[in-house]
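Asker: Take a look at the following structure, please.
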Amino acid sequence: MNNGLMLIVALIGTVNFAALFTPPGGYRQSEGEGLPVFLTDDMRMYYLHIFCGLLAAFVGFATMFAIQSCPFRSNDFYLDLPLRLLVAMGSLMLSVVFIALASRQVYLLELHGRLRFPLGEYITYACLLTATFILGSIDGTAADCESRLRLSSFATVHEFWIQEGAIPLDAGGNTILHFLAMYGNAFVIQKLIDDDNGNNNNIRSSIVKCEDLFGRNGKGNTPLHEAVRFGRKNVVEILLRKQESLVRECNCLGETPVYVAAACGHEDVMVCAIAR
């Protein structure tokens, strides 16, 4: 998606850059100044809109390039990347809006001020644009597809686990189990550690073995450490039912999962871990 957005923003920026040097009506050839033919207040607003659109397109392109060059650490997905994507999408929308405003200025120049848009029409157009964007973002079949999405997610993770196993996926040494624990994907974790009969106490027939649950990232955290750090109580219960001794494991700082839960303020998770 990011590559496609970069292409769109680059095209919008190219159009704005070309429009900046090709004003409506051209330049005066008979005078020495070389000023635009329609050098009025409307023309100045035209240049202002084109400049703002070009600036918004540049900000959007730079932000998307920053997303492309991001190291994709686990914590980046919680604040950094969503914030960058929000800025990029907002800049893209602003650049399109400024192009529309510049087009309006062209009509004002062509019709010598006879075309006027009341403030109410501006608000109406803005509401229609916002409503179109919101309606296009709503998935009306989300409730019907939830179970299929879960199964599809499990199938993808299952295939990856069979092929690659518990390999580090980022610079922090997090495996796929760490990421599932962070995001609280209890359904996939439950399916991975259950056997064919849905029993998670059978060590030999499950996909994920007990020794895989002791895998550590660069900070020495097990998947249970990450689950309690983010307050994923359902994941904590599943992992402890599979291997109760995980609650006594320490990371590189000597912290147990119970200590991490208490330090992060997740009282319900801490009680669940202590009960084991």
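For all residues, glycine too, the Cβ spot is worked out from N, Cα and C.
Per TrEMBL, the features are:
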type	residues	note
DOMAIN	3-102	domain 'PGG'
TRANSMEM	7-26	transmembrane segment
TRANSMEM	46-69	transmembrane segment
TRANSMEM	81-102	transmembrane segment
TRANSMEM	122-142	transmembrane segment
REPEAT	219-242	repeat 'ANK'
Asker: Using a Cβ-Cβ cut-off of under 8 Å, list the residues of the same chain that are 6+ residues beyond the ends of the transmembrane segment (7-26) and lie near it.
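Answerer: Sequence-remote neighbours of the transmembrane segment (7-26) are 36-38, 43, 46-47, 50-51, 53-54, 57-58, 60-61, 64, 88, 91-92, 95-96, 98-99, 102, 106, 109-110.
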Asker: Could you give the number of helix, strand and coil residues in the repeat 'ANK' (219-242) as assigned by DSSP?
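Answerer: When I sort the residues of the repeat 'ANK' (219-242) into the three classes, I find 17 helix, 0 strand, 7 coil.
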Asker: With DSSP, how much of the domain 'PGG' (3-102) is helix, how much strand and how much coil, in residues?
Answerer: 73 helix, 2 strand, 25 coil
